[in-house]
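Peer 1: Could you have a look at this structure, given as structure tokens, before my questions?
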Amino acid sequence: MQKYEKLEKIGEGTYGTVFKGRNRETLEIVALKRVRLDEDDEGVPSSALREICLLKELKHKNIVRLYDVLHSEKKLTLVFEHCDQDLKKYFDSLNGDIDMAVCRSFMLQLLRGLAFCHSHNVLHRDLKPQNLLINKNGELKLADFGLARAFGIPVKCYSAEVVTLWYRPPDVLFGAKLYTTSIDMWSAGCIFAELADAGRPLFPGSDVLDQLMKIFRVLGTPTEESWPGVTHLSDYVALPHFPAITSWSQIVPRLSSKGRDLLQKLLVCRPNQRVSAEQAMQHPYFTDSSNH
């Protein structure tokens, strides 16, 4: 740790405490993520270390840079680029109103970051406003990319805060174990709706069942016809048959018709029908200047 000076605590992350730090040589401000390792563990699994070291190669302006991996017996510290705030805090400062040009800019940057990582076969798996960081220039960056694969997604953060289900797709809620890039596209859709509504979450479920109910009340309950194989997923439960809503303008009133079209292409229950990040970036919502 000699290379970095620890400054004040920024907060609690999913995997441990986050501190503001300073590179003693360059004086650059960084974020130090102390990954809490299990007491009875053998230290850091070599597979996790390999995964983490691969992430140092992910260099893109919409991805939070991982500069360094500091590893000692019981401690693993990840040194990241520092950003001023996360999207959750940004929402809190909005007082319920967002400029739709900002909504569009953030969404495009989110998709660019996702497309880059997906092209390198790296999934996020736990996208939410808390790990989308924003700097003073209005640049949005994705944080904690690839960490879910290295460490797993805990059910509770070690600070005992429950990991949110609000951005999880129905296939994962039903116990699907084969993750593809589509998991991140669902989360991106939830975040898009939240952006368009100035920080009000689209599906704020209290538990897995409530989460599924909130989703299906909007999108309709899936069947074997609409989603072949859904009833064979390990945690599948039969739920009341809700029809899909017809008017998305009630769900996201501020979003233009093209924006609503993009949202509907992201929020598809059947994973292989969700649009990819690359495809979503080409959507007319981003090219039509009259779009707000």
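For all residues, glycine too, the Cβ spot is worked out from N, Cα and C.
As listed in Swiss-Prot for this protein:
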type	residues	note
ACT_SITE	Asp126	active site, proton acceptor
BINDING	Ile10, Gly11, Glu12, Gly13, Thr14, Tyr15, Gly16, Thr17, Val18, Lys33	ATP binding site
DOMAIN	4-286	domain 'Protein kinase'
MOD_RES	Thr14	phosphothreonine
MOD_RES	Tyr15	phosphotyrosine
MOD_RES	Ser159	phosphoserine
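Give me the local environment of each listed feature.
Peer 2: Asp126 (active site, proton acceptor) falls outside any helix or strand according to DSSP and counts as coil.
According to DSSP, Glu12 (ATP binding site) is assigned to a strand segment.
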Peer 1: If you average the pLDDT over the domain 'Protein kinase' (4-286), what number do you get?
Peer 2: 90
Peer 1: What other residues of this chain sit with their CB within 8 A of the center of the CB atoms of Ile10, Gly11, Glu12, Gly13, Thr14, Tyr15, Gly16, Thr17, Val18, Lys33, the recorded ATP site?
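Peer 2: Here the non-site neighbours turn out to be Arg34.
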Peer 1: Have a look at the recorded positions (Glu12, Asp126) and report the one with the fewest Cβ neighbours inside 10 Å.
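Peer 2: Looking at the recorded positions Glu12, Asp126, the Cβ with the fewest others within 10 Å is that of Glu12.
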Peer 1: Could you tell me the maximum Cα-Cα distance in Å between the residues recorded as binding ATP, namely Ile10, Gly11, Glu12, Gly13, Thr14, Tyr15, Gly16, Thr17, Val18, Lys33, rounded to a whole number?
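Peer 2: Largest Cα to Cα distance for the ATP-binding set is 14 Å.
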Peer 1: Determine the minimum-neighbour residue: among Ile10, Thr14, Tyr15, Gly16, Val18, listed as recorded positions, which Cβ has the fewest other Cβ atoms within 10 angstroms?
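Peer 2: Fewest other Cβ atoms within 10 Å, among the recorded positions Ile10, Thr14, Tyr15, Gly16, Val18, is found for Ile10.
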